[in-house]
Amino acid sequence: MLDLAASLLSFAHSLFGPGLCPGDWVWATSTAGALIALLPIVGSVTVALVRKVTGNLYNPVTYGVFGAIGAFFAFLMPWLLFNGISGVFRGVFTKDPTVSLAGSGTMDVHYCWVDAQDEYLGGGANVYEVIFHKFEDTPVFLLRLVFLVVVPAICLLFVILQARAATRRGPRWVSRLVWVPFALMIALSVPVEANTASHLWLGFLPISVLGLIPVYVIGAPSWSTIERSHQKPEPAPPQQSGVSAHPQTAHPPRQTPPPQQQNNQPSKAVPPYVPPAPLPPYQPPAHVPGYPPQVPVKPVPAPYVPPALNPTLHDPNPEGLGAMARLAADPGPLPFAPRSATPPPPPVKPSGSRFRKVRALGQGGFGTVWLAVDTQLDRTVAVKMAHAPDAETEERMLREARALAAVHHPNCVRVYDIVSEPEGLGLVMEYIEGQPLADRVATGGPLDDLAVARLWITMAGALSAAHAKGVLHRDVKPSNVIIDPDGNAHLIDFGIARSQGDSTLTATGMMVGTPDFLASETAAGANATPASDAWQLAATVSFALTGKPPRGTRENAMAALMAAAKGEPVTQTPQQSAHRRLLLASLDNEPARRPTLRAVARELSDWMAREGHTETGPVTQIVRRDDIDKVDKANRTRHLPG
């Protein structure tokens, strides 16, 4: 190792060893420290390159690779070179014949305060003796601490930053495989000559600062790579030919023996296949008071024809499930049945309305949301009524009814029924008492990072549940997030009613969504996707932190739409939030570069775990009127005389 250290010193002397104060070999020592600083940088760059392929795939192999990289580049080689350079100078000073250093003839030249370089670099006390056995004046001792403690600590800080930059978009503990060995190297370098160590660290520091540049240039792995690394491998498809490779698997497929084997079968015959008995003919339900009785129809001996789809029932056609998955790629016509010239029949219209309207909750271009009371079931509901129930409106109402009926999530609004009222079709939904997020921010100010993390995770789960059923929201915005009195967030309005003042257009070849919270690709005319829903959710979260849309406000809806279509940069994102990096990634104009909702949830969960918070808890708390009255009464009682 002394030979390697001597070669490094000679190379450093040839690179930069001017005959200036404090001496050519002193400068060469700092240059050698700069060269050693490249080793941890190489380790971090290697980790970053490996993660470009593996993402967040961590198993014994990747643990071993990253651990070996940290041990070699951040501990072993720097430690050997630090101690080797110190040993070379000590050997030159003691005239050790086993140590040879090219150009060491200038070691005895005096420069400024340095009497002789060989004695200055190889004949003094080591780091341990200087720090723990004080024998110098206080000013000199404090200067020693700066060079031997503060400067190495700063170098460690930048090595930590390099390692964390190499492990971005992943768990932070992986970076410890790189910087912990380096911290151990600093602790075990106390036998190095104190003057030699001081100049090595002085050369090490600027290179460790610049080492952040190549690591950031390489960048973090793409979100698609990270998502792929979290996916479990799909099971191998069953073998289609020959004898099954797993004869003991439950319910193996029946194999038909070849003709030559059929003749050798035992005499026990296999009973022939008997088809199941035909289903009994359809019987209409019993008469329900308030509805016209069903007239029995005499069955005729003809092939059974399924009745027309009843919007009040779930779609029994299994092909409808596959069609739902296509909704994410095509937010246009209803995917549950092909469009035909004859529109589907509306739901059975009851005699009189079963819903007693209380007040209007929202109104838009073609629908009004009413707070109503179901007089039959005696419960409060929200009813979306269509102003003019044409074929397109009915189709969109049916789509939302089926979409919401298919989604089961505690933070998604539930659909109860779809009925025909005197005003037209009505979508009967769960009424969520609370305050829209937009009003909460307007009256109570922006939310903090913890509240926003819970909001983001909750809404990401709700949207993921919808996307899993092939359902897109397409209009996620602060007014469509309701905060209930317990502080829990709920996602409402899957694309039908619009609150008054919202600038949205119809779905007939036009844009759907509010321009201020619209992804650039959908504003430009592309179909909505789960990535566009994720962008809208990130824009809503940014609004919760700042009180402003991420692109800022425009003078009118058309200007906002043009800004979205052009992909203008976001300028109103929070500057001090812990979620800023994740927000900027989620608000990227390129859908492929955005993190998925699942990746966002993982990032936020990791952040809350590091901060010691739980995912469960209120997003914000709405103060009830009764609570205010109780506080006022208590204050009055406290101030009563006597």
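Even glycines carry a Cβ here, placed using N, Cα and C.
Listed in TrEMBL:
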{"type": "TRANSMEM", "residues": "33-50", "note": "transmembrane segment"}
{"type": "TRANSMEM", "residues": "62-82", "note": "transmembrane segment"}
{"type": "TRANSMEM", "residues": "141-161", "note": "transmembrane segment"}
{"type": "TRANSMEM", "residues": "173-192", "note": "transmembrane segment"}
{"type": "TRANSMEM", "residues": "198-219", "note": "transmembrane segment"}
{"type": "REGION", "residues": "227-290", "note": "region 'Disordered'"}
{"type": "COMPBIAS", "residues": "272-290", "note": "compositional bias 'Pro residues'"}
{"type": "COMPBIAS", "residues": "332-349", "note": "compositional bias 'Pro residues'"}
{"type": "REGION", "residues": "332-354", "note": "region 'Disordered'"}
{"type": "DOMAIN", "residues": "355-608", "note": "domain 'Protein kinase'"}
{"type": "BINDING", "residues": "LYS384", "note": "ATP binding site"}
Q) Where among 62-82, 141-161, 173-192, 198-219 do we find the most Cβ pairs under 8 Å to the transmembrane segment (33-50)? A) 198-219
Q: Run through the Cβ atoms and count how many others sit within 10 Å of the one on the residue listed as 'ATP binding site'.
A: 24
Q) Average pLDDT across the domain 'Protein kinase' (355-608)? A) 84
